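J.: Would you mind keeping the following structure in view while I ask a few things?
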Amino acid sequence: KMVDPTLAEMGKNLNEAMKMLEDNQRKVEEENEKKYARKDIPGPLQGSGQDMVSILQLVQNLMHGEEEEETSQSSRLQNVGEQGHMALLGHSLAAYISVLDRERLRKLTTRILSDTTLWLCRLFRYENGSAYYHEDDREGLLKICRLVIHTRYEDYTLEGFNVLYTKQPVIYISSAARTGLGQALCNQLGLPLSCMCRVPCNTMFGSQHQMDVALLDRLIKDDVESGKLPLLLVANAGTPGAGHTDKLGRLKELCEQYKMWLHVEGVNLATLALGYVSSSVLAATKCDSMTLTLGSWLGLPAVPAVTLYRHEDPSLSLAAGLTSSQPVEKLRALPLWLSLQYLGHDGIVERIKRASQLSQRLLENLKNLDFIKTSVEDELSSPVVVFKFFQEYSNRDQASHAAQASTIQHPIISNERHIYDTFNQWLGEQLAQLVPASGVDVVELEDEGTCVRFSPLMTSAVLGTEIQDIDQLVDCLKMKIPVLTSTLQLREEFEQEVRRTVGLLYIEDLGWPGLGVVRYNYHSDGKNDDKQEKELEKINTELLKKLNELESDLTFSLGPEFGGQKNCVYIGMVTEDLDVSELVETIAATGREIEENSRLLENMTEVVRKGIQEAQLQLQKANEERLLEEGVLRQIPVVGSVLNWFSPFQASPKGRTFNLTAGSLESTESTYVSKAQGTGSTPPPTPTSSLAKQRLPGQKAFKRSLRSSDGFSETSSISHCDDLDKIDQRPPNLSPSQEQGPLEMERAEEQKEVAQAKTDTEDIHSDKSPADCTKVEDQASQR
C-alpha cells in the first residue's frame, strides 16, 4: 500500500522528537545517579577498581603503620620460616583447588583428609581415631559435647531440648581450666549455667593445680542421686596457668564407671610425639578425645587446631558437625598436610624437644637465684616453668611477722600478697620488654598469686627462642632482684618518714610497683572544695615537675593511667643506696616553696591594688600640702611665673615607691638624695631541705654515701671532736707551739712565713706599680 508522504514525514518527526526526549531523560537520570547514588559507595570501590600494587601497598600500611620510620625491620614482624611458607601456600592452594570439578575435588580432599588424620594419630599415639579440623580451639570441644548429647539422648534428634528436661546434663570442668570455657560451652549449646560443674583442685595432697578426684567422685554421685545425667569431663594435660597434668588414669576409670566422656586438652600433649613420655601424659592416649594446637607448637601460622576422637557411629558424628559432606570443608587440612610433610618426623620431634630443653635450662638457672620461687610439676620433664619473686623471712623476722599476723590476721596477709602480686606483675612486664624473644608472660594463679610464666611450647617456635635468650633472661632477672628487694625493704621506712613529716600525706596504693605514693597537703584558708582541689592539683603537678628536674635515678610520675589516685606523686623502683629521709625532706621543702610562691602570686594582685590606692591618696595629700606652702598667688598662671622669677620656691619632689617584697609604700626622698634607687628589704630565703648535703661531681641526688666513706667521715668527725676537747682541756699557760714537737713547730713557722708573704703582697699591690708587685711576689714565693 502507498503511504501518505505527509503522514510518513509526521511519523519521522515524532520518532526524532521521542528520541530527543528519551536522551534528555537518560542524561538527567545519569546526572541524578552521579549526584546522589554514588555518594553511598565507599571511596576504594568507586571507579573501575585499583591495581594490585596499590592494594598491596595499602595492606602494608595497615600492617606496619608508621613503624617503618620509627622501628627497625626486625622488630615489626616475626620471621616466618620455610615451614610457615608451606602453611601459607596451603591456604592459597585450597582456594585454587576449590574450583576443580566436583569428582576430582572429592578424590583430592578425601586423600588429604585421610593422610593428615593418619599421620597425626600415629605421631601422637592415638590409634583408630578420627579428626576434626577447626579454627577456634574451643570449637572441637563444642562439637564433642554435641556428639555426646546425641549419643546419650537417643530422642534428641527428634525432640530436641525437650528430652533434656527430664534428665539435666552435667559437664564437669576443672577450676584450673581456661577462663570462660564453661560459660562459652553453655552459650553455644543453649544450656543453662547450672549444667556446668566446676571441680576444685587439690588442697591437701598432690598438686594444687590438679583436679581433686575424690571430690569429683562425690559430686558425680550427688548429681546422679538428684536425677541428673553426668555427660562429659574436661581434663587438662598441662593447665593453662601452671602447666600441670591431672591424674588422667584415675579420671578415665571414673568416667568408665559413670559412662562419661573424657576429653583432654593442654600443652603437655605435645610431648606425646617424643620418644620418652611421662606416664601421667601417656594416659591421655586412652581418653575419648583430645585437642591439639599444632600451630603454636611447631610455629605454623594460620593452621587449624585438631580434635582427635573415637566414635563408631558416623551418622552421629555427621549430626554433631564433626564430619562434613562438603569437599571444601575438608580442605582445612591442606596447610597441615603440606607442613607435616615438609617437617617430617625428625623436624617435629626436634622442635618439641628444643622447647623442653629451653624450659630445663631456665629451671636450672632459677634454682641458683635467691628470692625466686618456682612452681613446676616435674623438674625433669616439665615444659612449663612458673616462677615469682618472694622474699622469705629469717627466723627472727619470721617470728615477729607471725606474731604481727596473729594479731591482725587478714589485713597483713592480704596486703603482703597484694604487694607481691604487684611486684611480680612489674617483673614480668619488665622481662617481657627487655627480652621479647623469650616469650614470658604474666599469669594469675589461684594459690600462688601473680607469677611469671615461661611456656616455650606455645611461643618458642614462633618467636625463635634460643639458649642465648634464656641466658639473657636470667641476667636481666639478676639485675631486677636487687631493685625489688631494696624497694620492698624501703617501703615501710618511706611510709614512716612521710607520716612524720608535716605537710605530706602518705597514700596507700598496694597496686603501685614502687617506693610509694605521696601527696603534698595544701593548707587551705577557708576556700571552697572546688578551689581547694584545683590548688591542690596545681601544687602537686608543679611538685612533680620540680622533682623530675633533679638529677636522680628515681622515677616520679602521676601514676597509672587508670585506677590511680589523683593529685599525687608516684615514686618508682629504687636501689639500696637511697637516702629516704633526704628524699622525703626534699619533697616537703619543694612543696612548701611552691605553696609560698603560689600564695605570693595570689596576693600580689590585691597588694598592688591597695598600694596604688594608698599611693594616690598620699600623692593627693602631698599636692594639697604643696598648695598651702606655695600660696594662692603662685597658682595664677601669669602672676605665679613672675613671682617664681623674683622669689623662687625650693620644694623637694615627693614621690612614692612600692616595695613588692615588703608590700608597703615608701618615700622617694632617699632616692633623690642618694641619686640611686634603694634595694629595699631582703626577700625571705627560699625554703630548702635541712638534709641537703654537698654532692660530689657526678653524684646523683638522694644517694647515701658508701659504707666505707660513711665510716671514714664518722671516724674523722669523732677524732676531730676529740682533738677539740683536748685543746680545750690544755693548761692556760701552755701555748700551742709548746706542746708541739720539733717537726710540727717547723711546719707552723713555714705557714706563718707564707701568710706574712701574702699579707705583704696585698699591701704592696695597693701602693706599688705592677712591676714592683711582681718583684714582691717573687720574693714572697722564694721566701
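Just so it is clear, glycine is given a Cβ too, placed from its N, Cα and C backbone atoms.
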J.: Pick from 26-46, 68-88: which range does TrEMBL record as region 'Disordered'?
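T.: Of 26-46, 68-88, TrEMBL gives region 'Disordered' for 26-46.
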J.: Please identify the range among 101-128, 409-436, 549-576, 605-632 that TrEMBL labels coiled coil.
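T.: The range carrying the coiled coil annotation in TrEMBL is 605-632.
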J.: Averaged over the domain 'PDXDC1/PDXD2 second' (382-488), what pLDDT does the prediction give?
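T.: PLDDT averaged over the stretch: 82.
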